[in-house]
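According to Swiss-Prot, the protein carries these features:
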ACT_SITE  Glu117  active site
BINDING   His141, His143, His212  Zn(2+) binding site
Amino acid sequence: MQAILSSWFIQGMIKATSDMWHKGWDERNGGNISLRLLAEEVEPYRRDFYQHPRKVELTQPAPELANSWFLVTGSGKFFRNVELNPAENLVLLQVSNDGMAYHIHWGLTQGGLPTSELAAHFQSHIVRMQVSGGTNRVIMHCHATNLIALSYVQKLENASFTRLLWEGSTECLVVFPDGIGIVPWMVPGTDGIGTQTAEQMREHSLVLWPFHGIFGSGPTLDDAFGLIDTAEKSAEIMVKVLSMGGKKQTISREQLIALAARFDVTPMAAALDA
């Protein structure tokens, strides 16, 4: 067995993709994850790498990510199959030193490419690296059922959507005080939707793609998963509340401010006033 299969990052990706599939967020080949790795984390597994790594040109140059390593889910791959055959469904790649291409060093044993949303992932990684001082290393996308459902019936505006989720569960303001960003509906797998997502990622760790899914970022796979899980739980509660006729009482603005003070977070000001 290849040593890399027992690495923390392969095992972590197996756990994340399995959990997300069991949640019902990643039907068929839906969803994608990218994890930025450090050179020293990858180095011990070089003996498992391809002798002649395949080079693929990027549709959008990413010089800010030059020489960076990423573990990424494959395009057209099913999350439910990652734990059965990680080498077929995942890919370890390194961006070239000019940021114009990447080399596939491991994975995708049956051929193929990384996720079709790689442009969105890379653009979001660049922004989250900047705003987090390099601590954010994960971009995660999935089709979270109730967040998608709310996008059909709620105003697609950052502040009001954030406020709705904050009121849906007390922990939400603590977990994502920076709120949720929203992009217009756009064709997926394009540089354009990647640019729009990255712009929202500058202010928000969560970005909603209406009628499609959610993007989340964080330092670790657990953090990114937990962020989406928390928002999706609140969305599920609000879907049930709306189905029962709507709110009769809720968490007030003053209570949200008190909550933020207790947990020493700075809430999105526009959402407090929404």
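Even glycines carry a Cβ here, placed using N, Cα and C.
What Swiss-Prot annotates, mapped onto the structure for a quick look.
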| residue | record | DSSP class |
| --- | --- | --- |
| Glu117 | active site | coil |
| His141 | Zn(2+) binding site | strand |
| His212 | Zn(2+) binding site | coil |
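Taking the Cα atom of each, His141 (Zn(2+) binding site) and Glu117 (active site) are about 9 angstrom apart. Neighbour density around each Cβ, counted as other Cβ atoms within 10 Å, peaks among the binding-site residues His141, His143, His212 at His141. Around the Cβ of the residue listed as 'active site', the same chain contributes Asn32, His141, Pro188, Gly189, Gly194, each under 8 angstroms and 6 or more positions distant in sequence. Those residues of the chain, other than His141, His143, His212, with a C-beta within 8 angstroms of the mean position of the Zn(2+) site C-beta atoms are Gly30, Gly31, Cys142, Ala144, Ile148, Pro188, Trp209, Gly213, Ile214, Phe215.
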